[in-house]
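Q: Sharing the record's features from Swiss-Prot:
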type: MOD_RES; residues: SER4; note: phosphoserine
type: MOD_RES; residues: LYS17; note: N6-acetyllysine
type: REGION; residues: 41-229; note: region 'Disordered'
type: COMPBIAS; residues: 71-80; note: compositional bias 'Low complexity'
type: COMPBIAS; residues: 103-113; note: compositional bias 'Low complexity'
type: COMPBIAS; residues: 153-169; note: compositional bias 'Low complexity'
type: MOD_RES; residues: LYS179; note: N6-acetyllysine
type: MOD_RES; residues: SER180; note: ADP-ribosylserine
type: COMPBIAS; residues: 192-203; note: compositional bias 'Low complexity'
type: CROSSLNK; residues: LYS239; note: SUMO2 cross-link
type: MOD_RES; residues: SER245; note: phosphoserine
type: CROSSLNK; residues: LYS469; note: SUMO2 cross-link
type: CROSSLNK; residues: LYS490; note: SUMO2 cross-link
type: CROSSLNK; residues: LYS498; note: SUMO2 cross-link
type: MOD_RES; residues: THR506; note: phosphothreonine
type: CROSSLNK; residues: LYS510; note: SUMO2 cross-link
type: MOD_RES; residues: LYS525; note: N6-acetyllysine
type: MOD_RES; residues: LYS539; note: N6-acetyllysine
type: CROSSLNK; residues: LYS539; note: SUMO2 cross-link
type: CROSSLNK; residues: LYS548; note: SUMO2 cross-link
type: CROSSLNK; residues: LYS583; note: SUMO2 cross-link
type: REGION; residues: 585-600; note: region 'Actin-binding'
type: CROSSLNK; residues: LYS600; note: SUMO2 cross-link
type: CROSSLNK; residues: LYS609; note: SUMO2 cross-link
type: COILED; residues: 624-651; note: coiled coil
type: CROSSLNK; residues: LYS644; note: SUMO2 cross-link
type: REGION; residues: 645-727; note: region 'Disordered'
type: MOD_RES; residues: ARG676; note: omega-N-methylarginine
type: MOD_RES; residues: ARG701; note: asymmetric dimethylarginine
type: MOD_RES; residues: ARG713; note: asymmetric dimethylarginine
type: MOD_RES; residues: ARG728; note: asymmetric dimethylarginine
type: REGION; residues: 743-772; note: region 'Disordered'
type: CROSSLNK; residues: LYS787; note: SUMO2 cross-link
Amino acid sequence: MSSSPVNVKKLKVSELKEELKKRRLSDKGLKADLMDRLQAALDNEAGGRPAMEPGNGSLDLGGDAAGRSGAGLEQEAAAGAEDDEEEEGIAALDGDQMELGEENGAAGAADAGAMEEEEAASEDENGDDQGFQEGEDELGDEEEGAGDENGHGEQQSQPPAAAQQASQQRGPGKEAAGKSSGPTSLFAVTVAPPGARQGQQQAGGDGKTEQKAGDKKRGVKRPREDHGRGYFEYIEENKYSRAKSPQPPVEEEDEHFDDTVVCLDTYNCDLHFKISRDRLSASSLTMESFAFLWAGGRASYGVSKGKVCFEMKVTEKIPVRHLYTKDIDIHEVRIGWSLTTSGMLLGEEEFSYGYSLKGIKTCNCETEDYGEKFDENDVITCFANFETDEVELSYAKNGQDLGVAFKISKEVLADRPLFPHVLCHNCAVEFNFGQKEKPYFPIPEDCTFIQNVPLEDRVRGPKGPEEKKDCEVVMMIGLPGAGKTTWVTKHAAENPGKYNILGTNTIMDKMMVAGFKKQMADTGKLNTLLQRAPQCLGKFIEIAARKKRNFILDQTNVSAAAQRRKMCLFAGFQRKAVVVCPKDEDYKQRTQKKAEVEGKDLPEHAVLKMKGNFTLPEVAECFDEITYVELQKEEAQKLLEQYKEESKKALPPEKKQNTGSKKSNKNKSGKNQFNRGGGHRGRGGFNMRGGNFRGGAPGNRGGYNRRGNMPQRGGGGGSGGIGYPYPRGPVFPGRGGYSNRGNYNRGGMPNRGNYNQNFRGRGNNRGYKNQSQGYNQWQQGQFWGQKPWSQHYHQGYY
């Protein structure tokens with residue numbers, strides 16, 4: 001047994017970081033890395049024992065439950081015999097879970113890939129922000145290394161010689177780093193010396209090594225930075241096979257609006273640009289991953305003559321606590337003018353002119369200092385003067401003229417109208433196009449608000465379809481790299497202004513606005529946006545189905561489930577499918593060429609799985625029209641049969657849902673909404689791990705029932721049963737009194753936890769004024785599995 005004062009296995013991420021900070025060590029990295037680093041430091045303090053020596057408190061996944069339960073009990077000796085008894089019960093339960101995972105520990109590369117997909121999908125569904133949340137600064141190994149190079153951490157690691165010696169002692173059979181196919185628990189990832197892990201990644205290329213049959217060691221969790229955009233698209237695609245078919249969204253109410261009024265145009269704006277009912281104020285959506293996106297919109301009318309103006313006020317910088325804020329500007333506004341044919345990213349194209357909150361003017365991605373910075377409650381007046389030799393665009397801040405920002409040749413502009421345009425990043429704005437009786441600040445006498453320009457001198461922006469039956473949605477179907485985006489680009493160019501393209505590329509464009517892209521690259525988080533883009537895209541599709549526009553869904557959409565569930569949202573649209581299925585030789589050439597240019601971003605097992613799931617659409621199901629771009633239906637069907645056979649031979653058989661270890665756990669512990677369970681001992685309460693069945697009689701621990709409301713802990717005698725109401729402890733004395741343990745309330749009477757109890761640690765005082773653990777659980781997002789500030793998209797919100 002270890003004499004280490006800290007049991008690394010039982011620490012949460014925040015506690016691991018705290019211990020590392022006390023020792024002035026780097027607190028960056030995955031949980032396995034933090035455990036590795038802390039254990040090495042503890043061993044060094046205790047006498048320099050190797051970090052991976054069995055029995056020293058490191059993550060030894062072998063052995064029995066009793067061996068694991070004994071580790072780390074010395075620090076709790078002062079808590080009394082009753083505390084030790086409870087800790088043994090917890091450790092024994094953890095031992096059952098770990099042993100259960102070890103039964104399925106040996107897996108091939110394909111199994112490892114499948115497990116990794118499940119972990120990634122689970123993290124996405126639980127709101128994992130990949131290091132972008134305050135207090136959850138778990139960056140990848142790449143950024144951690146960068147921090148160490150800059151002197152921000154003194155990561156202790158084994159020297160190469162020591163790592164090699166430890167590797168030899170463990171034996172070749174235990175050096176495998178593939179992922180286990182067993183159930184993921186708190187101890188699902190094991191540790192390896194940092195030096196050994198780096199050597200494995202260098203030798204293996206993709207960070208994986210082949211496992212031998214019977215190997216019980218679990219692998220190191222592969223950093224997310226190893227994956228490209230295609231991988232996360234594939235993960236999102238797989239979610240549709242597990243999701244229920246959604247109900248068609250409620251159609252937006254038709255609002256009768258005076259079309260002669262100059263206002264923000266609900267058709268000429270981004271889908272995530274939330275416009276108020278009076279159409280004079282707006283903001284960008286900020287819930288979940290939308291906080292990464294910039295949102296823009298134009299006014300309904302433009303001008304090409306005279307001297308006109310409008311006012312814009314920054315009403316709020318919307319708090320986005322779930323977004324990583326260090327060294328990144330998360331609030332920004334650009335205001336100016338653009339052509340109706342320009343994109344919504346103001347300042348990123350030709351004839352798109354913007355003035356930034358940072359005191360910068362931008363056109364065609366070229367930036368230059370201009371004027372001064374502005375902030376909340378500042379009012380910017382935008383002027384356009386068409387009466388001079390060149391068209392002049394200028395600004396004023398709170399009534400103070402800032403001078404001419406842009407000059408445009410009239411010959412180049414060719415009498416095309418300019419429209420008021422705004423681009424927001426986590427900000428809210430409001431406009432005065434002339435509807436106010438009195439402007440925010442006085443304007444020159446020779447200047448006119450755009451609303452007051454005669455209707456015949458104004459130009460109306462493009463209008464969308466009047467009815468849903470006139471709207472069109474085109475779903476692209478094909479393997480990654482088959483040529484879908486190429487077809488979409490060509491088709492959109494042939495029909496300018498008609499389609500809104502929904503694809504990962506377009507989402508990334510709205511994340512990669514000029515300076516923001518550079519900031520993300522400088523902070524080492526650029527690759528994380530690749531994961532966020534597919535997640536945003538799913539929400540975009542839900543919003544799009546409620547808008548009267550024409551859309552192209554530029555995704556793989558190879559599975560029948562994805563096709564059906566997405567098209568079900570667009571009930572009432574003209575639903576079309578475009579299948580891009582080239583010959584196998586052509587497809588291999590295209591993917592090879594793409595890999596040479598962009599790098600290989602999709603694992604081979606993922607491509608094989610998509611080939612096996614590829615299903616051609618049918619007109620009778622959810623499409624009104626199907627177009628085959630290359631191979632026609634008969635030839636494509638033959639090729640798909642070949643792909644399915646190839647996939648079947650290369651991949652292991654898939655496990656059916658709701659089977660395996662999870663099912664056995666459910667049978668043993670009654671896993672349901674009232675009892676989370678775990679092994680033979682019922683350990684859950686009402687959606688919590690504090691449990692109302694832990695071997696004792698119902699109603700004595702956790703859940704709605706208070707632990708101290710009866711004069712007994714669990715009855716008389718015994719030390720825990722197997723779900724039967726046998727007593728666990730003596731009938732008396734009473735152990736909780738008026739204070740309860742794991743009760744429904746968070747405040748009020750002194751209690752041990754809160755409504756959502758999910759912790760193993762214990763406070764300084766058991767049963768009296770120990771609310772810190774419950775509060776920490778709220779902070780760490782255990783309440784309903786989400787961050788307390790996470791905003792989930794729903795139809796009533798937007």
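Each residue, glycine too, has its Cβ placed from N, Cα and C.
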Q: Would you mind giving the whole-number mean pLDDT across the region 'Actin-binding' (585-600)?
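A: It averages 82.
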Q: In whole Å, how far is LYS510 (SUMO2 cross-link) from LYS583 (SUMO2 cross-link) when you measure between their Cα atoms?
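A: Counting only the Cα atoms, the answer is 34 Å.
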Q: Which of these recorded positions is closest to LYS548 (SUMO2 cross-link) if you go by CA atoms: LYS17, LYS469, LYS510, LYS539, LYS644?
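A: Among LYS17, LYS469, LYS510, LYS539, LYS644, LYS469.
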Q: What is the three-state DSSP composition of the region 'Actin-binding' (585-600), stated as helix, strand and coil residue counts?
A: 14 helix, 0 strand, 2 coil
Q: If I take the alpha carbons of LYS510 (SUMO2 cross-link) and LYS609 (SUMO2 cross-link), what is the distance between them in whole Å?
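A: It is 30 Å, counting Cα to Cα.
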Q: In terms of DSSP three-state secondary structure, what is the assignment for LYS644 (SUMO2 cross-link)?
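A: In the DSSP reduction, LYS644 (SUMO2 cross-link) maps to helix.
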Q: Roughly how many angstrom lie between the C-alpha atoms of LYS539 (N6-acetyllysine) and THR506 (phosphothreonine)?
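A: One finds 14 Å between the Cα atoms of these residues.
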Q: Between LYS609 (SUMO2 cross-link) and THR506 (phosphothreonine), how far is it from one CA atom to the other, in Å?
A: 26
Q: Of LYS17, LYS469, THR506, which is closest to LYS644 (SUMO2 cross-link) if I measure between C-alpha atoms? They're all recorded positions.
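A: With Cα distances computed to LYS644 (SUMO2 cross-link), the winner among LYS17, LYS469, THR506 is THR506.
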Q: Fewest other CB within 10 angstroms, which one of the recorded positions LYS17, LYS490, LYS510, LYS548, LYS609?
A: LYS490
Q: Calculate the distance in Å between the alpha carbons (Cα) of LYS490 (SUMO2 cross-link) and LYS17 (N6-acetyllysine), and round it to a whole number.
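A: Roughly 51 Å, rounded to the nearest whole number.
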Q: What's the CA to CA span in angstrom from LYS469 (SUMO2 cross-link) over to LYS498 (SUMO2 cross-link)?
A: 15
Q: Would you kindly give the Cα-Cα distance separating LYS17 (N6-acetyllysine) and LYS498 (SUMO2 cross-link), rounded to the nearest Å?
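A: Distance (Cα to Cα, whole Å): 52 Å.
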Q: Do me a favour and check the Cα-Cα span between THR506 (phosphothreonine) and LYS17 (N6-acetyllysine); whole Å is fine.
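A: Spelling it out, the Cα of THR506 (phosphothreonine) and the Cα of LYS17 (N6-acetyllysine) are 37 Å apart.
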Q: Taking each of the recorded sites LYS469, LYS498, LYS644 in turn and counting other Cβ atoms within 10 Å of its Cβ, which one has the fewest?
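A: Checked LYS469, LYS498, LYS644; of these recorded sites, fewest Cβ neighbours within 10 Å: LYS469.
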Q: At 10 angstroms around each C-beta, which of the recorded positions LYS539, LYS583 has the fewest other C-beta atoms nearby?
A: LYS583
